[in-house]
Amino acid sequence: MAKDIKFSEEARRAMLRGVDALADAVKVTLGPKGRNVVLEKKFGSPLITNDGVTIAKEIELEDAFENMGAKLVAEVASKTNDVAGDGTTTATVLAQAMIREGLKNVTAGANPVGVRKGIEEAVKVALEGLHEISKPIEGKESIAQVASISAADEEVGSLIAEAMERVGNDGVITIEESKGFTTELEVVEGMQFDRGYASPYMVTDSDKMEAVLENPYILITDKKITNIQEILPVLEQVVQQGKPLLLIAEDVEGEALATLVVNKLRGTFNAVAVKAPGFGDRRKAMLEDISVLTGGELITEDLGLDLKSTEIGQLGRASKVVVTKENTTIVEGSGDSAQIAARVNQIRAQVEETTSEFDKEKLQERLAKLAGGVAVIKVGAATETELKERKLRIEDALNSTRAAVEEGIVSGGGTALVNVYKKVASIEADGDVQTGVNIVLRSLEEPIRQIAHNAGLEGSVIVERLKNEEIGVGFNAATNEWVNMIEKGIVDPTKVTRSALQNAASVAAMLLTTEAVVADKPEEGGSGGGMPDMGGMGGMGGMM
């Protein structure tokens, strides 16, 4: 296919038009008085959102060169979302400011390579400044503040804070759609996996159709059990103790299952059989997790252990186990806390090493089940459109809160970026490198300018006053007051602000040093040009 090529100024200008088109659509959502953007959906109702990355992903421009510019800025939003989970609009605003100011200077004769060096130097100093003013996040109240700011909703903030308090910072918090109008929190304590009882005859509560075992012994094996003789010795020891038994195996069937059911119905002893969770290597890893959590041993031939010679001391214990048709929950396993901590650290190391997103997600789930539990935030709303928008906001708030716990918080509302202004301004450089530093200085003001603009105020006046205020004091656009941002709970996670600045600078530097842009040439008239001639097929009616 033939290519269309544009060079230097013409190429950069075309890309800038695309950058502006996307950034102008995204930046109207910034701040407490930001507006919404409506996105057309081919099927169903339109999506109304103020989430920067969602808007950026939807934008596709007709002109190929402009579209490349738009896609580069969409990449800034997307990358920031991947790393920090929020701050996508801030990143887009910063990228647009750097690209626009940079192109002005390059057009006026500045050397793009020198400008790029200046941008990189200034961003490095700005990041050091951010870490200096960053404060660690402590306590439920601080977590609630971060979440409330991101979701623009105090109720959501307190829900997320409660969820993180209940399941710990490593816990899994999932967001689901609720059937009702209210948003609520549901927490599953202990370890839960998606396998239910092998037979409905094993239930202890026929109303709820669940089996509840108090202080049970837990036999964990990766073998298939078909013959009751294999587990009879250990079964007799459990019966003597007068305790119920949870049997987790690859499968329990045939005579073994029938014997367990018959004895349960007769009231001889209470045993519930459950299939092992997961598949393949992941199954073995999850069984090992359960054995660490309950203080038992995994009975596997890999370790030379045999079911027939299993002693009661090799079984795990828990204060309670609840088994339903689809799930098994182990509450308060009796495992050694030092061993559980070691296992948690081992899984954390695997999370850091893996490159697969799927593996990472599964490892995070295992980590959560060992470290705390699983919380589900059920989002409710009056209409489907509102539900989708609310769910997106809560996802952003959750990501934002996690980022805050990780790297601390800085003053929100664009204040932190202006707080590092003086540190960046102190850089001594010459020529085009200094031009690059000046571009970053101008860009640091842009988020607060946009927040003020969206609130119907003049950004320049607020920026000038902010530069002269002490660190931490900023402008609250929601109330039009000057306040101590951290005291008032108007905060941003350091990780979000850092990622936004880094990613914006990276793409801006790349775009400024672009000298040629290549795109597919649109085909003249398109390939469908011959189609109208098919009208002659109408004569085929005579063939009947």
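Cβ coordinates come from backbone N, Cα and C, glycine included.
Under the heading ATP binding site, Swiss-Prot lists Thr29, Leu30, Gly31, Pro32, Asp86, Gly87, Thr88, Thr89, Thr90, Gly413, Asn476, Ala477, Ala478, Asp492, citing sequence analysis as support.
This view paints the features noted in Swiss-Prot onto the structure.
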residue: Thr29; record: ATP binding site; contacts (Cβ under 8 Å, 6+ apart): Arg35, Asn36, Val37, Thr49, Asn50, Asp51, Gly52, Ile55, Thr89
residue: Gly31; record: ATP binding site; contacts (Cβ under 8 Å, 6+ apart): Gly413, Gln450, Ile451, Ala452, Asn454, Ala455, Ala477
residue: Asp86; record: ATP binding site; contacts (Cβ under 8 Å, 6+ apart): Thr80, Ser150, Asp396, Ala397, Asn399, Ser400, Ala403, Pro493, Val496
residue: Thr88; record: ATP binding site; contacts (Cβ under 8 Å, 6+ apart): Val26, Asp51, Gly52, Val53, Ala56, Ala77, Ser78, Thr80, Asn81, Ala500
residue: Thr90; record: ATP binding site; contacts (Cβ under 8 Å, 6+ apart): Leu30, Gly52, Thr80, Gly414, Pro447, Val496, Thr497, Ala500
residue: Asn476; record: ATP binding site; contacts (Cβ under 8 Å, 6+ apart): Pro32, Gly413, Trp482, Val483, Met485, Lys488, Ile490
residue: Ala478; record: ATP binding site; contacts (Cβ under 8 Å, 6+ apart): Pro32, Lys33
Three-state secondary structure, Thr90 (ATP binding site) (per DSSP): helix
Mapped DSSP class for Gly31 (ATP binding site), helix or strand or coil: coil
